[in-house]
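> Shown below is the structure under consideration.
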Amino acid sequence: MKDVKVLGPGCKRCETTEAMVKAAAAKLGIEVAVEKVTDYAEIARFGVVSTPGIVVDGKVVHAGGLPKQDALEQWLRA
Amino acid sequence: MSTDTLAGRHDGPKHDPLRPWLAGLAAGLVAWGLLYSQLVPLSEWLVAQLPVERTSHLGSALAFFFYDTPKVVLLLTLIVFAMGVVRSYFSPEKTRALLAGRREGIGNVLAAGLGVLTPFCSCSAVPLFIGFVSAGVPLGVTFSFLIAAPMVNEVALGLLFGLVGWPVALTYLGFGLAVAMVAGWVIGRLRLEGWLQGWVREIHAGGEAAIPDAQLGFVDRLRLGLDAVRDIVGRVWIWIIAGIAVGAAIHGYVPADLMVRIMGADAWWSVPAAVVMGIPMYTNAAGVIPIVEALLGKGAALGTTLAFMMSVIALSLPEMVILRKVLTLPLIAVFVGVVGSGILAVGFLFNLLFQ
């Protein structure tokens, strides 16, 4: 079970990112627990400056803007 | 540019992914140039098709509208594409690393410049602010960045360049950067760290998030440019149409002598009035430039008009509501006061310089 966090205060891009993560996981048949982190303090603690950001199993893999589809699948597989 | 010369420069593998992009880019630029050169005949032809007297108020307003709309869309597409490519070389994380621990003064200058070049969406303003401050970027330097980003808007700059002329565009760039540097420096001197919301001071961010730097090829950057066009032009076209409609109404109906009396260089009070009026008005930079163009055409003073424009773009209520989460009210008041004074100074100075 992969633990994925989507960091973002709740703008449209953040919601799109969350949907992309879920869709990619479903496509790959990987079980994920997706959590949205909207608290600014918590986002800052990850060291992320630009949202949306993505954290996979506690590691920041992406920040600022929508992720690329192939990169996203790579993070989920790793 | 012919494809032969392009092919000649690439002796690499047969299917160079860059080649179709360059060919498409060249074709796009040619089409762009052709369209751009036909704007006047096109708009006159459109007005002639309508049952309206060309010399009437309505005819003059319509001609302005039909000429400006395609022109603004063309300019905007080109600017946003170019900026999208340039910005792919910058990121808020890199900018923060550049600014962390930087001394005031040089830091303010650097921050203002990076504020123009670093891409970030307005919903990122708060995480960005916290990220900067907690990483040891001085408060004043952070403010220089946050002021420059909306104040020197690349869309506004490009449209001013195309619609009003390069002297005005360059002066706008220079003064916008100057306001961001000086305002940030002043805020830094005032030592207002204590006026941040309490929880912001307590965060010490987990340092650098080691985000693997995505290896971007030039094709990726061109693609990012196209994404920016789709995203930004798709989002702001409604503001553009609204702005051009207002500009057209001013162009067609407002008598020039009235404009000179209200917004002319002799009416000193019009500069502060323009700034105050601009705060609650919130529109995209792309929408306000056609209004600027029409105002200037009717004899409004340059300083007054630019003060209005900067106030509309840089001081917006929605942004203050967002910043309220990290700044206390007195700090927001200082922010508005310092930036507002800067804009006022620019307005008065322009009116003096360009009389």
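Cβ atoms here come from the backbone N, Cα and C positions, even for glycine.
Note: TrEMBL annotation is automatic and uncurated.
The transmembrane segment annotation in TrEMBL covers B:21-39, B:72-90, B:139-161, B:168-187, B:236-256, B:268-289, B:295-317, B:329-354.
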> Grab the same-chain neighbours of the transmembrane segment (B:329-354) for me: Cβ-Cβ under 8 Å, and only residues 6 or more beyond its ends, written as numbers and ranges.
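Counting only partners 6 or more residues beyond its ends, the transmembrane segment (B:329-354) has Cβ contacts under 8 Å with 143, 147, 151, 171, 175, 178-179, 182-183, 186-187, 190, 192, 195-196, 265, 268, 271-272, 274-275, 279, 301-304, 306-307, 310-311, 314-315, 320, 323.
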> Based on Cβ pairs under 8 Å, which of the stretches B:72-90, B:139-161, B:168-187, B:268-289, B:295-317 lies most in contact with the transmembrane segment (B:236-256)?
B:268-289
> Which range out of B:72-90, B:168-187, B:295-317 gives the transmembrane segment (B:268-289) the most CB pairs under 8 Å?
B:295-317
> By Cβ distance under 8 Å, which residues at least 6 away from the ends of the transmembrane segment (B:72-90) in the same chain are close to it?
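Distant Cβ neighbours of the transmembrane segment (B:72-90) are 32, 35-36, 114, 117-119, 154-155, 157-159, 162-163, 216, 220-222, 224-229, 232-233, 236-237, 240, 244, 286, 289-290.
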> Under 8 Å between C-beta atoms and at least six residues away from its ends: which parts of the chain pack against the transmembrane segment (B:295-317)?
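Distant Cβ neighbours of the transmembrane segment (B:295-317) are 147, 150-151, 153, 156, 164, 168, 172, 175-176, 179, 250-251, 254, 256, 259-260, 262-265, 267, 270-271, 274-283, 285, 288-289, 336, 339-340, 343-344, 346-355.
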> Residues sitting near the transmembrane segment (B:168-187): Cβ under 8 Å, six or more positions beyond its termini, same chain?
104-105, 108-109, 111-113, 115-116, 139-145, 147-148, 151-152, 156-158, 160-161, 302, 306, 310, 334-335, 338-339, 342-343, 345-346, 349-350
